[in-house]
Amino acid sequence: MTKAVQIKGVSKKYGSYQAIKKVSFDIHDNEFFTLLGPSGCGKTTLLRMIAGFETPTTGNIILHGQNIENLPANKRRVNTVFQNYALFPHMNLEENIGFGLEMLGWKKDKRECRVNEMLKLVHMEQFAKRFPSELSGGQQQRIALARALAPEPEVLLLDEPLSALDLKLRQAMREELQDLQRQTGITFIFVTHDQEEALAMSDRICVLAHGEIQHLDSPINIYENPTNRFVADFIGDTNFLDVNVTGSNVHATSIETPLGINIDVPASGVKVGQDAVMSLRPEKISINKSVDGVSLPGRVMHRTYMGGYTHYTIQLSSGADLRVSMRNNISNNINYDLNEAVTLGFSPASVRVLGE
Amino acid sequence: MGRLLSFFINKNDVSRYPGFGIITLLFFLFLYLPIMVIIAFSFNENKIVSVWNGFSTKWYTSAINNQTLVDSLQVSLTVAFISTFIATVIAVSAALALTRGDDIKNKNFSIMVVNLPLMLPEIVFAVAILILFSLLGVQNGMLKLILAHTCFCIPFAFLPIRARLQGMNNNLEHASQDLYATPWVTFRRITLPLIMPGVFAGGMLSFVISMDDFITSNIVSGGGATTLPVYIFSLVKQGVSPELNAISTLIMVASLLIATPALYFATKK
């Protein structure tokens, strides 16, 4: 796999504030790569350094083998879709999309051809002569995409481009973005704080916090096998319980849980005696059905009906609270009442042990 | 409920206060009556200004044929055009540096320095610049006027341009650079068109301030250049003539012709 972008020992300091602490990773060609993290984690700073709006304090940024960290933004073959689109208000859509091509010195007829092609790609052919202020948020979003894709950049950078759209439109745009990435074959680097968006679209996700990489992997691995407590907490919903590690080898980790049971769970690398938590996702727990011999008595303390799902909080007789999520499908539309006595089951294989 | 609410709102509406109409009328009379008197008497045939004798446009003819007057108008216009141009260019550069430059040290101090001439009494500025010119040995009257006017016009041009730049999202300039435009092309194609209303307003303000200036122009004049306000003042010293009324009316019409589009552009989004 060829590398589109290599980040090598990049750090960024603003005065005494360290926004990025020496990070290194590669982004592959034709990849949908996501930088995910809470606000202030440094994801936008990283993106702006790749775009050329910030210079790294240390380290190298390499685009297809060429060092670019000292090139000005207008000399880098990367284009950006800005958070608030940044369409030029005094130019119509054609002129907006053609701007990059004009700067690259494309001839007028060739430019027109490409602009029409881009307008067709984002389903906006009939709007060519309109101005940005005459468009809805979703339409502006599409034009911003078309403008950034028109000069065929080596890498497309997307800075939280969906955050200004309403929920329905955001969900529709996710699929459109994925389709666009596949059609054009351009490497996408997508910045978001929305974990659902990241899981839905990415080939790989890099989770950042406090200017450091927490976990870089495929969406499935990030969700199923998070490297630390932060990642498990930030991506999706989970139950954390403090545990004692009583045994640890390459095959399994033995833990003593506050649920009143001792179990062997998948190997974690956490050593005996080390502070540790277990993470158990709410949807991996079943109600009134024992799994792998686990059946824990408890009582329904809280119920939240969410339409497709119902969330329960169950207080176990051991004193621990567990959140459980039940899908309301055809075969499972039973509702449990408050204070109803239930038993919980889960497979020790779905428990993850994480160091602090 | 709605009616009750509107009763309270209307009760507080200032136009419902007793005497509102009369006060408004008096206010506008106070503002515009002197001006209307000047316009009316500029068409008076009588040489004695305050006695109406009959309609005539002869004072306009005599004003236009007054060579000293035409010369001083020319000086005023030349000084105003050149100093407005230089002041606007400097103001745009200063505003760009002070709103877009990330690494500018002492930013607030610099902004204060640019705006300081606004707060300085003009007579202090005029005397200071007179001493400076004599120290430097600047003799040419026109040059002195242009330098002095440029100097006090800069803050007037700076304020609206800076306001416009602050209101403009700098992501637009980033987007332009991102799309392969050099900094100069970005300025010409993106920044300048978008701040143009501010530049226009700043330029107009400078022009009007320069045309209107008396104190500085009077003190630094000499060396063969007299501006219109300085000339008019010398006329007044000889006694008010109907020709003065005609000149004033002409200036007023010209100002309105300039100020109306300026106001229009300044308020346009």
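A Cβ is built for glycine as well, from the same backbone N, Cα and C atoms used for every other residue.
Remember, TrEMBL labels are computer predictions, not curated facts.
Under 8 Å from some Cβ of the transmembrane segment (B:20-43) lie the Cβ atoms of residues 14, 49-50, 52, 55-57, 59-60, 242, 245-246, 248-249, 252, all in the same chain and six or more residues away from its ends. Sequence annotations record features per position, and here TrEMBL assigns transmembrane segment to B:20-43 (among others).
What TrEMBL lists as domain 'ABC transmembrane type-1' is B:73-262.
Annotation comment: TrEMBL describes B:75-99 (among others) as transmembrane segment. Proximity of distant same-chain residues to the transmembrane segment (B:75-99), defined by a Cβ-Cβ separation under 8 Å and at least 6 residues beyond the stretch ends, is recorded for 107, 110-111, 114, 142, 145-146, 149-150, 153-158, 161-162, 165-166, 187, 191, 195, 199, 202-203, 206-207, 210-211, 217, 225-229.
Look at TrEMBL and you will find B:111-136 (among others) tagged as transmembrane segment.
Here TrEMBL flags B:142-161 (among others) as transmembrane segment.
Proximity of distant same-chain residues to the transmembrane segment (B:190-209), defined by a Cβ-Cβ separation under 8 Å and at least 6 residues beyond the stretch ends, is recorded for 80-81, 83-85, 87-88, 91-92, 96, 152-153, 156-165, 168, 172-173, 176, 181, 255, 258-259, 262, 265-266, 268-269. Taken from TrEMBL, the feature transmembrane segment covers B:190-209 (among others).
Per TrEMBL, transmembrane segment is recorded for B:215-234 (among others). Under 8 Å from some Cβ of the transmembrane segment (B:215-234) lie the Cβ atoms of residues 68-69, 71-73, 75-76, 79, 122-123, 125-127, 129-130, 133, 139-142, 144-145, 148-149, 152, 244, 247-248, 251, all in the same chain and six or more residues away from its ends.
Packing against the transmembrane segment (B:246-266) from elsewhere in the chain are residues 35, 38-39, 42, 59-60, 62-63, 69, 160, 196-198, 200-201, 204-205, 207-208, 211, 228, 232: each is 6 or more residues past its ends and has a CB under 8 Å from a CB in it. Residues or ranges marked as transmembrane segment in TrEMBL: B:246-266 (among others).
Sequence-distant neighbours of the transmembrane segment (B:111-136) (same chain, 6+ residues past either end, Cβ-Cβ under 8 Å): 94, 98, 144, 147-148, 151-152, 154-156, 158-159, 162, 215-216, 218-220.
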